[in-house]
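Copied from TrEMBL, the annotated features are:
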type	residues	note
COMPBIAS	215-226	compositional bias 'Polar residues'
COMPBIAS	227-238	compositional bias 'Low complexity'
DOMAIN	24-157	domain 'Ig-like'
REGION	215-238	region 'Disordered'
TRANSMEM	173-200	transmembrane segment
Amino acid sequence: MEVQGNGPEEPRSKYLLSSHTTWPRTSLIITLLLSVWSAQGLEMSTGKVPFLEALNGSTVLLPCTYASCIGIKNLYFNWQYNDNGTMQKVCESVIPLDGMDPHPVSIYRDRVDFIGTGDHNNISILLWNITFEDEGQYTCFGRNPKEKGKNHSAIFTLVVVDELRVVDNTLTIIIASAVGGAIALLMTFMLVKNFILFVLFKIEEKKKIECLVQSSSADETNNVSGSKTSKPTTPKKK
């Protein structure tokens with residue numbers, strides 16, 4: 001009995017290649033989508049220098065700003081103080097839309113003022129007459145409902161001292177003096193060099209002028225003497 005096949009069997013490598021090439025493309029697309037989403041998300045910032053050393057009894061600013069490429073709607077924010085591991089709320093509020101001021105702002109701690117404005121995405125606070133008990137970490141927290149409840153925060157550290165440390169600028173002054181002296185020396189060298197080149201140029205120019213004058217005088221002398229010798233002499237009569 002002859003067994004007849006249904007036709008030539010297609011190679012399995014074709015399907016294996018297709019499945020192996022589809023997965024990397026899918027993962028790449030997912031990665032790109034996640035990176036775009038994270039780039040558009042809310043960002044909280046306490047500035048380029050997120051710490052401050054302040055004098056006891058002074059008034060300090062705790063800065064914080066927010067930014068979002070997708071915009072905000074009912075952005076919730078608060079300030080919290082880390083009291084030995086226990087987070088104590090300092091203030092909180094909600095910003096309805098971009099450019100709008102939060103209202104109302106609830107304050108839960110003495111000597112605290114909210115000075116933020118919606119125009120500049122600013123949610124900073126002021127601490128009045130600070131004491132050593134105010135020292136520690138302050139967290140600026142934000143949650144944008146457009147991101148489905150994703151949380152964001154930035155930390156600012158406050159250090160309270162009896163007196164501000166005097167910064168020793170001796171090394172900085174020495175370095176600045178050395179650099180300034182080197183620059184002054186280089187400028188003096190360039191000025192002297194340019195002056196010498198100018199003097200040499202003038203001397204060379206003067207020599208060229210004198211050479212041209214001498215050449216011109218020599219040519220005139222030759223022409224005069226030549227004209228005298230070429231004049232015919234009249235014969236004397238006997």
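Start at 1 and count along the chain as shown; that gives each residue its number.
Glycine too: its Cβ is placed from the backbone N, Cα and C atoms.
Residues of the same chain that lie 6+ residues outside the transmembrane segment (173-200) never bring a C-beta to less than 8 angstroms of a C-beta in it. For the domain 'Ig-like' (24-157), the number of residues in each DSSP class (helix H, G, I; strand E, B; coil) is 26 helix, 62 strand, 46 coil.
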